Structure formats: structure tokens, C-alpha cells
Amino acid sequence: MEKFLLVLEVITTCCAVTQSMTGQERSEEKSECVSLSPMMEAVPAPPESERVCVFGTGDLGRSLGLRLLQAGYGVVFGSRRPHSSSSLLPHGAQVLGHAAAAQSAHLIFIAVQREHYDFLVPLANQLKGKVLVDLSNNLKKNQYPEANAEYLQSLVPGAEVVKGFNTLSAWSLQNGPSDANRQVYICGESVEAKQAVIAVAIKLGFSALDRGFLSVARELEDFPLQLFPQWRLPLRIAIGLSAAFFFYLLIRDIIYAYVTQSKDISFRIMVSLANKVCPIVSLIMLSLCYLPGVLASFLQLYRGTKYRRFPDWLDRWMLCRKQLGLLALGFAFLHVLYTLIIPIRFDYKHASLSLFQIRENRTTQFDMTTAWRGDSYLSLGILGFGLYVLLGITSLPSVSNALSWREFSFIQSKLGHLTLLLCTAHTYLYGWNRFLSSSTYKWYTPPGYMLCLVLPSVVLLLKLLLITPCVDRTITRIRQGWERGADQRNPKDSQPLIP
């Protein structure tokens, strides 16, 4: 009975305390702060060093806030309408007005467009000494006279502005970093401010790269506006070669037959003509992939040193060799597909040699030379295409990163030239003895496969000269630092360091 009375007394005391709360104490519970996770109200707020602020509640701002929450940061959103926007933001974050949010954290992400920077001017006192990370981009290059980050710095001179995270999309932030979007570029005037931003980027799983001062911000803002910059020249070459050989073969094969023989074979444009254009362009593109390396070697031989820059045109050419090779592989794939569907075409079935011989009641003696030529032609094509695919696979970053430099160089250089040799021999066997036949030269023009053999043959001959022992030894010495005439200019340099 005494225990029951004691429990009753405790309950009565608790109720009295609850009812004695004043109206002022109840009003203190209502503040501008809106918690987005009721279960976290009892958890103490993280220290300011682990709390970050995000201005902007759009897709990018919400995705960034979610990643920061997952990394363990306390996130405070700054919004013009904190109560109405709270339902859109990730759970666990807080949403305040801009002034209150600016005072809650030292690091502030500005995830709004440049046109809306005006609201930061009245907050100059609250933002003084803060680190502002500008995430904005423009719709086109040179849209404004200065970079967005520089403009932001002029609006809030007391803050430390850092440009960063602008190369990431909301999708990449939501799904986490991957090999394609792991890099984060940073630039700013303050070293301490950049170090703080880099620390956040690393904690989010990204790899941060300091690009220097804030004057580089315009270059960083132009990165998301680039559309396949390394692919432009290879694509132009591929389109130009495809168009040129298409019309060349159209004149030789289709128009020639119509003019001289009154035969309409225009249906061959869809498969037969395309199956001639694709291997021609593929072989030329593969040759263009290895030609700049050969030219660079001869240029080093001529100069006798490796310490002089290549011409700009050769430098740009060498930088797009990967794209040239991948486009060549794509045309080779098309050639394989077109070749596989040839037996099911109506024209092939209708003009089958066996059916023609049965109708004419004729027989043809088996030709061993033609059989060897046909099997060799097919075998070299299969081997060349197999190495083609190997080159394409090893060019993928996920594969090339797992290879040592010697392994990668062996595949891309040694096996690459072997691929070019096999594909060139495959084309030579296709022509066989038709090179000397006058009927091959329609309207005194050489066939397309004959034209495409010029460049790979030149590349292979030049490479053959480079791998001869005397030339290869000289190139190796040059690439190891030797310079022609250096011994005469500086005789002391030629003496060994250790006698």
C-alpha cells in the first residue's frame, strides 16, 4: 500500500510541473528552425566544424545535402521560405532563414544561380570570414564578363570564395562517386579555405584537385559546357572519310553499271556499298592512330633530342589517338555485322554460283590457290578483329588502371602494330591478283580498297625502319636523355659521375 501511494505521489508531482509551464516557455519551443527528423530532436547539434550550410533547395542543393548527411555532417539549409520548403529536403537536416543559417556554420555551399546572388549582399556581416563554395555554372561560354565566383567575391568581399563541385551533377551526388565523375576541381585565393573544401570533398568520396587561384574559375565553369572536346577531330575525320568514300564508290559501282551496262543495282547501296565503306574507313582510322607516333620518332631522330616540344598539330593529333582507335573499332564492328548478313540477302541467294551452275549444267574445277587465298583472307580478318577488340578493351580506364605501364605499352604499341599488319594483309588478300587487272579500274579509277592500303602500308614501312637495330638504338638513347652534340658542347657532362 505504501508503494502504491509513493507512485501516485510521483505522478501527481509530474503533472503539476507540466501544467506550471508559462506561456513564454512554450513560445520558446517554437522557433524559426524546422527539424526535418523528429527522432533526431534529442540528439545534440554537431559542432560548427562538422556543420555545413547549403544555400539553395533545388535538385543540386538537396542532393549535396543528402551526401553531406550520409558522410556524417550536420546540414543546415538556408531558404527564403523555411517552413514551406522543409518537406522537400532530406530527413535529418535543418532549414533556417538565410541570416540564421549563415551564422550556424563556417562552410557555406552556394547552390543557386548567379542571377539570384543579390540576396547575399544584405548578409555581408553574417558572411564575413565564412568560406563560400560557389557551385554555379552558366548556360554558355563567356556569358558574363567575369566568372561567377569572381562576381560572388565582389558582392561579399569579407568572405573567402572557393570555386568547386560545379562539375558534379545532382545525379552523381545522389548515386555516389564513380570513375567517370570522381574528380572535383577547386580554386580560390585562400589556402585555408581550399583545404577546408578539399577535406569535405575527400570525406564525400571524391578526389579533389587544386587548380590555383580564383582567376581559374572561368576555366572551371567552362568544363561542364564542353561537348566531347577530344572527339571532335576524330569524328570530323571519320565523317569526312565515310562521305568521301561513299560517293566515290557510289560513282564506281552503282553509277558506272547504270551508265555503261544500263543495269540498276541501286539496292546494293544499303549493304554492299556500306560493307565496303566501313572496312576502308576502319583501316585508315587505325593507321591514323599509329602514324603520329611514327612521325614523332622521326622528328626526335632529326632533332637529336627529346627536350623540344612537338608542333601543336602533332601534339593535338597524339592526344586524340584513343578516340581514333575506338572509332576504327566501331567501323570494324559494322563491317563484321554487314558481312554476317550477306548470306541471308535476297541478292546473294538469287545470284548464288551453285544455282547458276545447275541452271547452266556446268561444273567448275576446284582451285586450291583460291581456297588458300579465301581461308587466309578470313583467318587474318578474324585475328585482326580479335586484336582490335583487345585494344578497345584495354583502353577502358577500369582495365588500363589495372595494368602496369609496360603491359599497357605492349598491348597498345606492339599488339597495335600487329593488328594494323593483320588488317592490311587481310585487305591485300582481298585484292589478290585484281591489282593488275584492267577491268578493276573503272573509268580509270582505282578501287576503294586499293586507296585505303596506301596509308597503312606507309605506316608499316616507317615502323619497320624504326625497329631496325641501328635506328632503334639511337631512339632509345634519345628517349633516355641523350642529345646529339651534347658531348662536344659540354665535354665535362660526358664524363662518368663515378670513375
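Each Cβ is built from the backbone N, Cα and C atoms, and glycine gets one as well.
Here is what TrEMBL says about this protein:
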type	residues	note
SIGNAL	1-16	signal peptide
DOMAIN	51-137	domain 'Pyrroline-5-carboxylate reductase catalytic N-terminal'
TRANSMEM	237-259	transmembrane segment
TRANSMEM	279-302	transmembrane segment
DOMAIN	280-422	domain 'Ferric oxidoreductase'
TRANSMEM	323-346	transmembrane segment
TRANSMEM	377-403	transmembrane segment
TRANSMEM	448-471	transmembrane segment
>> Quick check on the domain 'Ferric oxidoreductase' (280-422): DSSP residue counts for helix, strand, coil, in that order please.
In response: 118 helix, 0 strand, 25 coil
>> For the transmembrane segment (448-471), give me same-chain residues lying six or more residues beyond its boundaries with a C-beta closer than 8 angstroms to one of its C-beta atoms, as numbers and ranges.
In response: 245, 248-249, 252, 276-277, 279-281, 283-284, 286-288, 290-291, 294, 297-298, 301, 417, 420-421, 423-424, 427-428, 430-431, 435, 440
> DSSP says what for the domain 'Pyrroline-5-carboxylate reductase catalytic N-terminal' (51-137): how many helix, strand, coil residues?
Replying inline: 40 helix, 21 strand, 26 coil
> Can you name the far-off residues of the same chain, 6+ from the ends of the transmembrane segment (279-302), with a Cβ under 8 Å from a Cβ of it?
Replying inline: 234, 237-238, 241-242, 245, 310, 314, 317-318, 321, 324-325, 327-329, 331-332, 335, 388, 413, 416-417, 419-420, 423-424, 427, 448-449, 451-453, 455-456, 458-459, 462-463, 466, 471, 474-475, 478-479
>> For the domain 'Pyrroline-5-carboxylate reductase catalytic N-terminal' (51-137), report the average pLDDT of the model, please.
In response: 91
